[in-house]
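Novice: This is the structure I have questions about; it appears just below.
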Amino acid sequence: MIFSLKPFVGSSAGAGSGEFHVYRHIRRREYVRQDYLDRQAEKEIKDQEFQESLAKNRERGLQRTARKRAKRAKLKAKKAADRLAKKSKKAGEQCEEKVGEELGESDEEEETVADDAEEAEEVSFVMGGR
């Protein structure tokens, strides 16, 4: 009995020429999947770097704002202190004037009383009766 090999060759004997296309599709899908995973990893790295740079810029901006806010507050406090000093100086001068006026008023009151007495005599003299 002579057996031919052809009827006995089955799927266990090896892949035929038709199986190459299936393998090629599987391989292509795997390459696409690997490429997608690589792009996702790269995107995550770039996103993380971007978020870090945003945080760094935000921190720098907050520090700059804090410095400028402190400078403005310092200038505002200085202006307020200058205004207060000016007011107190003015108030001190006004108090001195008031004290001076009060002291001067007593002298003026005496002069006014003396002037009134003289005017009263003059008025009565001008009127003609004494």
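Placed from the backbone N, Cα and C atoms, the Cβ positions cover glycine too.
Here TrEMBL flags 48-62, 79-101 as compositional bias 'Basic and acidic residues'. Positions annotated as compositional bias 'Basic residues' by TrEMBL: 65-78. As annotated by TrEMBL, compositional bias 'Acidic residues' applies to 102-122. Residues or ranges marked as region 'Disordered' by TrEMBL: 48-130.
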Novice: Taking residues 6+ outside the compositional bias 'Basic and acidic residues' (79-101), which of them lie with a CB under 8 Å of any CB in it?
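Specialist: Same-chain contacts beyond the flanks: none.
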Novice: Please work out the helix, strand and coil residue numbers for the compositional bias 'Basic residues' (65-78) from the DSSP assignment.
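Specialist: Across the compositional bias 'Basic residues' (65-78), the residues distribute as 14 helix, 0 strand, 0 coil.
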